[in-house]
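Below: one structure, written as structure tokens.
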Amino acid sequence: MALNPIARAVDMKDEMLLKFLIDYCLKCAKTYHPAYMAPVERCLAQLLKSYPDIVAYVFRAISYIPANNHVYRASHAVRASGNFWDLAHTVIPFGDNFNSVIPMPFGLGDNNNAVFTLRSQLPVASPSKTSIMKRDANSRFPRMQNEPPHEDRSYKIYVSPFQLQPVVTEGAIEQQHYESVFPHFTGKDFLNNPVVQATLRFTWHKLAFYYWLPRFLAVCTFFALVMAITVQQIRVSSLKKDQVPTPDEIAARYLPQWRPVFWVTIAFGFVLIGFEVFDMNRLRIKYFKSVYNYIDLAAFISPVVGCFMFLNTAPVVIREGTDFDGGPSQTWFMGFSILLLYMNLLLELRVFGDLGITLNIILNITRRIRGFIWIIG
């Protein structure tokens with residue numbers, strides 16, 4: 001520690017010198033090699049105790065290291081393994097032959113087109129019989145002989161040179177792939193971090209998008225059906241309002257030809273409600289903690305209830321001297337259903353970062369204006 005300039009700056013309590021040295025280490029780590037952050041890594045406990053803001057700055061700054069050099073990428077490739085069976089063939093005497101008969105791929109695998117690691121590259125732990133049962137087992141392996149450099153390819157490596165606390169999230173996607181992510185635990189501007197953003201983008205484009213898109217298209221179809229039904233009800237009920245309608249005109253206000261459309265809408269609604277019930281049973285505590293899930297449930301249940309209310313009505317017998325039948329009177333309920341579906345679609349579209357700010361403004365206006373929901377409904 002005596003030869004460590006970072007440790008000397010901490011002992012001297014010279015914050016300006018400390019920031020200068022850390023910036024120098026960061027610059028060299030991004031330009032040459034992550035090992036330039038070793039002095040900071042050795043003093044991490046002291047820095048966290050005396051200068052937590054500087055530690056937060058270091059974690060955000062060092063998290064993204066672009067490496068387009070093939071030699072660096074090949075010599076620092078890390079293969080991450082998740083469990084015992086991923087590493088079993090490394091201790092089996094006939095490991096290569098056994099693996100050729102029963103393939104056991106590694107957890108994250110090796111992508112020839114790009115290298116994307118969600119784990120720490122420094123230090124690297126080699127697998128052994130004592131550490132074979134550990135989840136967090138990384139192995140470094142040479143690739144220069146098997147993979148010659150390609151000038152037409154560019155690579156980026158997302159590096160976190162510190163061993164951080166692993167966090168494993170539960171969910172349908174994670175249960176299938178079971179990968180762990182090392183986030184920055186400083187709690188300061190967590191999402192303002194290239195590693196976290198890159199991890200989210202990678203998970204979204206490779207995994208989550210294929211789950212989100214069919215559900216979103218189903219919600220859009222459901223929204224279009226509810227809109228068409230409501231507009232048709234308003235159009236029919238507003239015809240010849242100043243005249244006493246004939247029995248045929250009154251019967252037309254109950255949309256007898258649109259009854260199949262109502263049943264299709266109800267079927268779509270039950271499918272979407274089924275998805276929500278599935279999520280509710282899988283993560284009950286987390287499901288009820290989010291207010292957005294209540295909006296989703298209300299957005300899917302209310303149109304179904306409105307359709308059943310409409311199908312439960314029938315034309316009344318007109319007697320002379322009585323008020324004429326104006327048609328079904330649940331249009332106001334469908335108006336609230338359309339508003340809830342509109343909010344649900346806005347919440348779903350927030351997954352796109354470019355639309356997030358605009359959609360948040362619209363949602364805040366909807367939330368802050370008193371009586372907005374009642375006026376629209």
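Backbone N, Cα and C atoms are what each Cβ position is placed from, and that goes for glycine too.
What TrEMBL annotates here:
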- 209-231: transmembrane segment (TRANSMEM)
- 261-279: transmembrane segment (TRANSMEM)
- 291-311: transmembrane segment (TRANSMEM)
- 331-347: transmembrane segment (TRANSMEM)
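Outside the transmembrane segment (331-347), and at least 6 residues removed from its termini, the chain residues within Cβ reach (under 8 Å) are 219-220, 222-223, 226-227, 229-230, 233-234, 237, 292, 295-296, 298-300, 302-303, 305-306, 309, 359, 362-363, 366, 373, 376-377. Panel annotation: around the transmembrane segment (261-279), residues 215, 218-219, 221-222, 225-226, 228-229, 255, 287, 293, 296-297, 300-301, 303-304, 307-308, 310-311 of the same chain, lying at least six beyond its termini, place a Cβ under 8 Å from a Cβ of the stretch.
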